Structure formats: structure tokens, C-alpha cells
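First the structure, in the form of C-alpha cells, and then the observations on it.
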Amino acid sequence: MLLLRCQLKQAPPQKVSFRFCVVMGKQQSKLKHSTYKYGRPDEIIEERIQTKAFQEYSPAHMDTVSVVAALNSDLCVSGGKDKTVVAYNWKTGNVVKRFKGHEHEITKVACIPKSSQFFSASRDRMVMMWDLHGSSQPRQQLCGHAMVVTGLAVSPDSSQLCTGSRDNTLLLWDVVTGQSVERASVSRNVVTHLCWVPREPYILQTSEDKTLRLWDSRGLQVAHMFPAKQHIQTYCEVSVDGHKCISCSNGFGGEGCEATLWDLRQTRNRICEYKGHFQTVASCVFLPRALALMPLIATSSHDCKVKIWNQDTGACLFTLSLDGSGPLTSLAVGDAISLLCASFNRGIHLLRMDHSQGLELQEVAAF
């Protein structure tokens, strides 16, 4: 193991140890070189390069993976350039089912809570509804957008679906009937992502016009516009309690490339920014508290890095570089200690958080 150190202030060397997590399933063990940075409590930033074994499962997709989402504590659903939606057991390393029907790349997936059903969106302008326990054919096909569909969000009670597109339009659908019930359009509002606020009638939406909007699903009207950012907003995520949200910015060379924490309550102010990526931040998640002593968020970027941040202070606590993976496109929480990260070149990465000796994030499998 080669240890590189970049010190902000002098401190005695510390012992470095690594753990290996075994994941069962059809797999092959391979050696992988990975780089990560760790922000120690004494404010020293250590960059470490390690060679370790990780598990390579049978692949979920044969091309770039655009999106991944957790269906339940064992299964994820993903989509990509191969036009296929895949249900995968990431704990055993097995494909559960493949769903085919789209004519072009999958752009988004959204799962119905506590259900075996989920939706997919595509560059073919279609949205399809699938059932893990049904046939491999779509249960519903929703057609209403004039351009690629780039946003999907299911209401907390699972009765409605909101879709957004590059055609500047949002549509609200009745999940049972598959009929469109509301339509709204805002000039230059090229939708990049949608997220429904838990226990509320509100939908959060990011746009290429650099704006984060809050929509009221009752009539599908804009309820609030947050202050515009300097760069395209690529993604948004809402906390489980519905009090906060994160938006992500595109960028290059460290310009832009940040995530921003916003207050969704009365003030609706910007709370904190997370800066440290060097290319577009494509995804973000609020992490389960689990064993952590502080609230954490994670971001993934086109710079091949996943970062974990202190939600309250904006300090970067850990950086994992998934070398050779290309741009990281999507991030999802698998369980209390596991993350799923989709990539251009190496499929989906299974990452584990370890709190036993300070915070560490390790890649334990890829599929």
C-alpha cells in the first residue's frame, strides 16, 4: 500500500488499516486499485491508494447505466443505454428480472413505496409502469411528452405520478387509470429531475435554467422558486422528514460542481454548500443515521468520485475515487450502510460505509 499525505498542519503519523467485506453470490474476486481521501478529526487530509479485492457480479447491463434506485432492502432497479430496466438482488449478485419495451435509453426510474411496482422514463418520450411479480411487459404506457422524459416522482400515497421533460412541461398522472390529470408548462424550464416531498402535496424540480422550483400538485402550480444558482441544476433530493432538500450543480474544473442544502420550511433559505468536486455533481442522497454521530449526505460526480459530507458544516469527511468508472451518473441508498452508484463504464458499484475506525467508504462489489 502506498500512502500519500497532504498535510494542512503537522501531526504524528497514524496507523492505517483496511477492512474487507465479503458479499455472497455468483461472483469473481479481483484486485482493484482505488484512491480515497479521509478528513481526520485533527484536520489533516490523507490521500491513500490501496490495492484490495472486490467482488465482481454478473453484470446488470451491457452498456452505460444511467440510473439506479432501491426497490426494497434487497433489490434495486436500474436502467441505461441498453434500453433495459433490470431488477437486481445486490446482496446475492443475481439478476431477478429484465424488462424490455423502451426504444431508446432509460433516463429515470422511480419506485412505488412498499410495492413491487415501479416506473421508467426514456429518451423515447414514454413512461412505462412495471411489476416485479407480473409479466415482463409494461402494465401501463404513458404518452404525453414531446421530448425526452427527464423526471419521475411518485406521490407519498402512491396515487399519483409526476413526470417532467425537456419540453418544459410537467404532467400529473393518476396511477390507477394511467390518465393525465394536470399539465403545466414554464418557458425554458428544461426539467432535469423531480422529487416528491414526503407527506406533502409538493414536488421539487431542478432545471437547466439554473432554478430549483417547488410545485403544488393541487393544480400543478409553482409554489416557490428558490434563488437561481450560477449553473444548471442537475438533481434534487428531499430529506425523510421533508424539512430539507439538496440540489446539485453542473460545472467543470471546480467551477460550479457543488451541492446545496436548502430549508423547505418557512424561511426556505440556503443552509449550506458542499464544494470539492471538479466536474458536474450528478446525484446526491441523505444518508441514514445508522452508526454516524452526525447527519451525513453523499454526492456522486462526473469526476469519478463519491464524497461524504457533514450535512451541518459542509466539511468533506471522505472521498472515494472509483478509478476507471467514468462519470458517475446516479446514487441510491441500499440500506443503513450500503450505497449503490451507477457509472458510465463499470456498471453499478456496491459501496459500504464503515464507522468502526472513523468513517470509511469502501467498494465491495460491482455489477
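Any Cβ shown, glycine's included, is placed from N, Cα and C.
Copied from Swiss-Prot, the annotated features are:
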type: REPEAT; residues: 53-90; note: repeat 'WD 1'
type: REPEAT; residues: 94-132; note: repeat 'WD 2'
type: REPEAT; residues: 137-175; note: repeat 'WD 3'
type: REPEAT; residues: 179-217; note: repeat 'WD 4'
type: REPEAT; residues: 221-264; note: repeat 'WD 5'
type: REPEAT; residues: 269-311; note: repeat 'WD 6'
type: REPEAT; residues: 315-353; note: repeat 'WD 7'
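When the stretches 53-90, 94-132, 137-175, 179-217, 221-264 are ranked by Cβ pairs under 8 Å to the repeat 'WD 7' (315-353), first place goes to 53-90. Model confidence over the repeat 'WD 3' (137-175) stands at 98, taken as the mean pLDDT rounded to a whole number. Proximity of distant same-chain residues to the repeat 'WD 2' (94-132), defined by a Cβ-Cβ separation under 8 Å and at least 6 residues beyond the stretch ends, is recorded for 25-26, 57-58, 60, 66-71, 75, 77-81, 83-88, 138-143, 145-154, 156, 158, 161, 163, 165, 173, 175, 178, 193. If one looks beyond the repeat 'WD 1' (53-90) by at least 6 residues along the same chain, the residues whose Cβ comes under 8 Å of a Cβ in the stretch are 20, 22-23, 25-32, 96-100, 102-111, 116, 118, 120, 122, 128, 130, 132, 326, 329-335, 338, 340-345, 347-348, 350, 363-367.
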